[in-house]
Every structure is written in structure tokens, then in C-alpha cells.
């Protein structure tokens, strides 16, 4: 493609080799990187060696991880070999760009073996160590692991914790952290106590530097992110897209109600409101008693020459464009305007800043909200432009170690539907909410 | 303002305290940060203690920097005090945002003194150490310093080098680098051998993380950046702004000639061509035998509802907007379009990537080129939207340690002028090239 800020123009192949004891957030970081890169259209995949190991040893006790246990060691060797083989295949057959080898990779011998394999296959290895001696963080991670790992399914909680601590001790016996002197020729990043300190060595490519900047900005404090479209606008009623119109009377009602809804959802938490620079988002935010910030990057997808038209007018005036957009809505760029891909690129700093921040309420527009939602919920590109995100609905995201919890709160204030199905220029009337909201409803977990 | 990606919404005050022996690129880094932040509309200023010291000791020999030289020490103490006083005044009176204290700040005692002052004045201190044991880099820096520092004006080159080396040794006797253990509670960044390794500790605010990411991406390899507008387009001839028209016959001639011009200027150097996604830049690049990359972020400033109009039409149809734009061209945002400020924000990733890259030729549009040029040449915001950057002219920038050398190469192919003077809707005819190109001509140094 080569058209975008973040493009893999050089056909780079990067293997992020995770390093760290168990319960250091390696899988969390791996999954975040994959989600971030995928959202930016880089082909990325995490290879979790634990998953491969479970085939040979589904629920091993701590003894299994003793390095003197020869039989177990063989099974573990086999697991890492299979993971690396699959990774190489993925690079070759699926033109992968960034693979994450999610394992402890505790010893220098193991890391040198991976290094050699990478070099033989024209893959840039980047070691990413998560090092942590903050007991609170480790214990929180242990709680996450024992609740989510298949290794401890159905095991009594206390027993699981104690076994897991023992397992960590087995690893500690052989663990060799990355070292400035011995490893000085490697490309590596050390995250110390959740990025309180970060050591970065020999980062050379743009993509590596982006990954580093991203992981530097991650935090694990509990928080909420609320998303809402602006209230119903005059243009919404007139079925026009784009523009900069004011809210309809029903839209204004939503603005008033939003204050209560947010108050109820947020409780005493402080939060900051982010809006776009367009009137309808600012009118929607007008009653909210929180700090507000406007971002040009949150403005609606620019429809270029079609701005201010109805879909029917677009179909009549630009029938080929209309068809092309239906065929590939993610890539289609309005004449003189933007594509969903363009919007994702300009949202990247917003996502980066969202990762850094704590409680944020974003009031923005349909296409922009789809892109932000797709990032947090890992929605594939083909689907995200077709997601239904109805008006007058507050969405609350709760980022967790493994995925994002989402809650949808309806305002119970009627609004037109602005959802346009593929292959029609009709909006709203033909709209089957149950089916179209599937994506959101499915992921609602409380 | 609060409308932009990078806004100082929290009224942060940051003092970047440089740390490092002489000839470690501290002033280079300081000036780069100031230029970058100013371009992004953050109020930033560097306070160079050497400059203050020169008032009391204009051209001292190495002995002056001996820590046992009590009289000299007093002068040096006085210099740092004056610099810090001015800095505090600047924070207060001019609502400064990021100050750089550009000095060696070699000892922990000195740094603790600064730390205390910062805390008393609600300023976040961020220590930025440039540490280097790569002799080649140090020698290159020494050459830069002795050529540019007033301390060695008129001094024989060899004598200057030897004196400067001796001066560095005096500093080495007392120098205490930042240390992970002792300084673990400070916010600091250590750049080791020009960011080959970077250690980042307790970075907490967004702005700090941006500064860190920026300095991580700096390099000092010699290279060129070429800038050119697209060749004359059909719209240029019709005096229309925006659009996506093709080149005129004269524009196509420029495209053909550009190949020779670049070849002559670049010699054997390899380079990459960056264009926008618009037809006229791609047609201009069509004969260039180099790798090409398209960036949406390089598209022309979006004139919104005025896209495709002549200035005369805009003046007639939107007289108030026309006037408002003339009054504050940097801030004026076209209805449904962009301001210069908006363009700067979307160009930020381009600038970041440009800092990382080596030889790059950018073919883009008038407003975008003004913004990029303003970054490299430190052109103030009030002036940059009014700079003349004529068609059919190749600009070659050569980033140096202290500033950027610029060379302007004319293609000698006639083109309309697209320059619009303040207070008129006329383009071209009234154009006084000598006066309008002043900014470029003044900075041409070879």
C-alpha cells in the first residue's frame, strides 16, 4: 500500500522475543502489541509457548518446571520448537510482519538459539523483557493468571497461588535477565516495574521504535473509558452525512440526560471529556461538569465532495463511488476526503494518549467511534465499518489484563437510525437493530 | 487552546536539566527540542549557562574549569544562578512551558540544588543526560564546538582542540553520571552514545514522553532533505485552490527536469521520495528513479467549503472568512477544512520520521511545505503561512549541529505564481519575488 504513516514499506519481519519470569505481564503486553499493530494494519500474531506445551502437559504441577526434570524439559523443548516452527511458517506463508514469541525465554542459551534462527530467516529479533520486583504487581498478575490460565482450571484458589509461586521459583533458579554489557549488541527493551524504568538498546527501525513507544505508555491501573456519539443532529434527521449542524431537540435531551448517565456510571471518579471540534459533539458535552478537551483528530470521517449529501444523493451523483464504498468500506476514500484507514491513522495519537490516561469520556462521531471501538474490542477491519453504534447510547469500556469488558447504557430517548446497510442507500427504516448490534451485544459481559 | 493533539492543557511547567560532559551534544539536543516544541506551539526556551558565564569570563583557558580554581568557580556559580533566575522569570512572566537548562550539571550537588528550586516553583524537573564514550562522536562534537563557540573565536585550530580536551578532563574529575540506584526517584533520560542505548526513568506526563520519543529518534549522520512543490497544475493556472488536478504542460516539463536536478544535487546518494496522495505530486515524481512512498499526511491544507474556488470567489462568497484568514492565517480554519495549526499537528509524524531517516525528497504542496520548512528553519508561526515558496524550485536542506543549511535550485521553467499577498485576492501578478522570497534567500548559505 505504502500510503500511510505506518506502512510496512520495507517488508520488515520482526520477532518480538518476550523475556521474563511468569506473572510479569508478558502475555498482556504481547496481546496489546498484537491488537495495536493489527489495528494499524500490520500483520501481527502472538505465539504463546504455554499453549503449545499444554498439548503435551495439560495441567502440570510446579515440579514440571524444574530444570532437572529431564522428561518435562523434553516436552517444554518440543513446545518451543513447535511454536517457532509455526512462527516461521506464518512469516513465509502469510507474509507476517511482527510475531511475538510469548514465553519466558529465561536463559541466554535459549535466547541465542532464537537469535540464530531469526538471523538465518532474515527476521529482526527484538527482545522485550518485563522485569518486576514490585510484589504488589506480581501478586496482582498471579491472581490474573490463576483465574484465566487453563493450567489452573478448577483448582482451588489458594492451592493454585501456592503452586504458581513455586513454579516461579523454579524459573528463578535459571533466569538470566538481559544485561547492558553482555547483551549490548542486541536490540532490546527492558520494562522495569511496569515501565517505571525503561531501557532501550539499539532500536533501529521505525516500527520497532513505535512498538517501544507504545509499550512505554501502557499502564495497568483500573479505569473506565466511556464512548458516546453526539446526540441526534439536524443533519441526522435530514439523513445528510458530515456537515457541522447543531443538535435536534431530541439530541439536546440526550445531552441533558448524559450528565446523569455519566454520573451514575462514573460515581465519584474524576474524568476528562474529549470531544471533536464539531458543534454537535460540543453541544452534547455542554452539561458535563468535567474538564473538556477538543481534538481535531476526533472529527468525523471527511466525506469530501459528498459532505452534506444524503446517501440517496450520493448514489445518484456518484454511483460508482457509492458501489466501490460498499465493496470495500474500510479502504474506500471519498473524493477529496478520507477512508476508514485514514481515520485510523489520524486516531493513532488518540489511542496512544488513551493508553496513558485514566478515566476518559469520548464524545465523537459514528465512523470515529467505530475505529476506537475496534481497537479496544479487536474488531477486524472488514467488520468495523459495518458495526452499528446507535445514537443516544453510552458505552463503557473497562480494559482488563485479558480483553476489555463492555457495557452499553441506553438513554431511552428516541433517535433516528443512521445505520446504512450494505447495498442500499436507505438509512434507518430497514434497520434490524438486533442483528446489527450483534457485535456490541455479544461482547457485553455485565 | 486545548484543541489539539499536543496541548498544554494542564499548564505543565517542565525544566529539562541537561547533564553531560562538554562535547556531548547537549546544546544540539537542547536546540532541537526547543525547535520541535515551538513548532508544535509549546512555549519553549533554552538557557545556555555558557552564554551567561561568558559575561564574566569571555574566553577562559582550560584552567578556568578546574574545580580548585576558587575565583573561577565563583564566576561559574554566578552564571548558573543568573541562568536559573532568568528561567524562573520566564516561567512566571511569559507563561513558559518547557525550559531547557543547557549546562554540564555534572555534580549531584548541583543537580539537587536545581531539583529543589524546581520543586519550590511547581516545575517538573526532567534530567536528560547525554553520555558518550564513542571517541569518534566526541571528536566530531569537539570540531563542531571549536568552530562555533565564541570561546575559541580566532584561536588556532590545534590549540583550541587541545585546550578543549583539557577542559573536558577538568570536568571529568568531578563528573557524576546519573545512576539507576541513587537517582531512581528522579524523572530522567540517559542517552548513551547518541541514543544507541536509552534509559528512561519515571516519565509521567504526556509531554515528557513526547520529548523522550523525539530525542530517541534524533541522529547526527550527514544527509540531505530535498523539498519541492508539485509542478504547475491546471488548477494553479486557473487560480483555483485545492482540488486534485493534473499538471499543466509546464508542470510536466518540471517533472522531467526534476530528475536531472535531483541527480545533480544528490550525486550517488540513495534517497526515498515522499509524495502526497494527490495526482499532482505523483505526476511530479513520475520520472524519479527512486523508491516512492505516498503519505496522506502530506496532502494540501484542506480548504473545506472553499476547495476548488479562486481567492476572488472566496472573497465574494465568504467575505468574513476571507478577512479572518488574512488576519490570522495560522489559526484560521476553513469551514469544514483545516488551519495551518491543524496541518502542523498532522505533519508531526512526518517530522518524527524525517528525523529518523537519511536522504529524503518530499514533493508536496505550498502550505505543507511552508510548515515543514518552518520546522527546519525555525520560522515563527506568524511568518510561516506568508512565506513564498515558488513553484519549479528545488530546496535542499542540510541539517547541521547548529542550524540547517539551505540551498535553492531554480528549474528555469516558467510557472504562475500562486502567492497571495495579505489584503488582496490577487495572485501572482502583483508578486514581488525578491521581497517575498526573502526568507529563503536570507538563509541560503551556499
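Here the Cβ of each residue, glycine as well, is placed from N, Cα and C on the backbone.
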Report summary line: Of B:167, B:190, B:280, the one that TrEMBL places in the same substrate site as B:229, B:230, B:231, B:232, B:233, B:234, B:235, B:236 is B:280
Query raised in the report: In this predicted model, what is the average pLDDT of the domain '6-phosphofructo-2-kinase' (B:4-222)?
Result: 92
Report task. Rounded to the nearest Å, what's the C-alpha distance separating residue B:230 (active site, tele-phosphohistidine intermediate) and residue B:316 (active site, proton donor/acceptor)? Just drop the number here, would you? Result -> 28
Query raised in the report: Can you tell me how far the Cα of residue B:231 (substrate binding site) sits from the Cα of residue B:316 (active site, proton donor/acceptor), in Å?
Result: 28
Requested in this report: Name the one residue among B:229, B:233, B:235, B:280 whose Cα is closest in three-dimensional space to that of residue B:316 (active site, proton donor/acceptor); these are the binding-site residues.
Outcome: B:235
Query - For residue B:230 (active site, tele-phosphohistidine intermediate): DSSP state (helix, strand, coil) - result: coil
**Report entry** Fewest other C-beta atoms within 10 angstroms, as judged across B:230, B:231, B:235, which are the recorded positions
**Finding:** B:235
